[in-house]
């Protein structure tokens, strides 16, 4: 009986894992669309509203939204990743079309918590921002700006409306509906871009002069409100076709039996509540680590420095949003399944269970190695081509300056750290026990303190601007990567399996040589073409050279990394998650 259960569990988790990585293409497609739409919108916004207004809205308003959304929902989302919906067959067949299953109701009850928490947090954040804004008149837009408080209020309402999508979002993610998620978020992003641009154009029309746009802050808030309404509506429409019960039931908390023969009913069981509390604490630390730059900029930077940082982070983060973020989300879904399997099999010492546990451990190791090599390949390309060509590319879109160029170069160096840290932390957070998560939180708190000290000093003492903030992030990521590497090695060692080695993730020597040669050729060409004095002809010539060299590097990867390419293909179908002799 136990073998049958283990086999069924393995089949379920393998199917979910296959869906997770096959769904990456939808998430990547979503991020490409988001970045293209945002790129077009930002170009119009900077032209109409100016880089100063763009910086304040991107830093200060974005910090407001991130504080409410991230702290309200991120911890619960991570906890619900470990809740399986596979037990739905336990419900009577006649009940399924009219109400959620027991496991789905557990998810719904928990997903309603961020909505209530977000309402309280949104009110507190509004009062805090309004009370503190007069103290920042020298460095940021204050209540003296046109419609400042109105913009704050609209952002607050938009954040709470967006939280209302949580029950539908977590149900869709539990079912690995990545295509639907991509479609809904794509519709919402399109609505945001349309509302922002339309509002700015209308503000320019009613303004007293082309440089005086009274709606330059309201436009960003209105766009966020349009995004929130659109994403809730899109998820409701799509999930109404996916669910076998009315969507309104996803917003009704109902106590459910705890299971295992226990008649007691509860809205949120103690295990899930404790796990959620742990993840909430972890998300608080993660918030300071991910939003620390915005916090430092909002407190210590001028509006012009905010504009540079917002410009660089929006344009420079394209690879992170397009590739790294979807991979991290898929990794979390897959690793959570593997962790569930291995944790249940550790207590079963039968021969068959032991072999299957070993298979899961080796599957996790293979996936880590594949993700590591992918990140190192992407990092090699970004370090060479990003640092040399991104400033040229951006200068074609608009006139650049030394501060922007310097920050872009440093950001390209920072991106590989971000990518490696993303999938390592996805594994650690998915497999760690509750006690281990508490230890991780302590380490992350220490890293957050180090980061904040370095970031503030780089901005105030050394006057490094955005480049200093990004450099502090690089130090932060280095500390987190080192800790995750140590944790993963110990985790595999405790299970009598050798952990993944960094040497096995290194790209082929020919690929490394091709990247280095491309960098040398670019520097030499830039020196030879210096007589063009950075004209448009110089920029186009250099970009054409970069395209040729980039194709050559990709051809080299295709030639020498065929085993890795095949592994990636297997990940999309779930084949890499099985032993060959099974």
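Just so it is clear, glycine is given a Cβ too, placed from its N, Cα and C backbone atoms.
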Can you check which of 24-48, 49-73 TrEMBL lists as transmembrane segment?
24-48
Ranges 184-205, 250-271: which does TrEMBL label transmembrane segment?
184-205
Within the same chain, where does the transmembrane segment (217-239) have neighbours whose Cβ lies under 8 angstroms from its own Cβ atoms, ignoring anything closer than 6 residues to its ends? I mean 6 or more beyond.
45, 49, 53, 56-57, 61, 65, 141, 145-148, 150-152, 154-155, 157-159, 161-162, 164-165, 168-169, 171-172, 180, 183-185, 187-197, 199-200, 203, 247, 250
May I ask whether the transmembrane segment (107-130) has at least three C-beta pairs under 8 Å with the transmembrane segment (150-172), counting pairs 6 or more apart in sequence?
yes
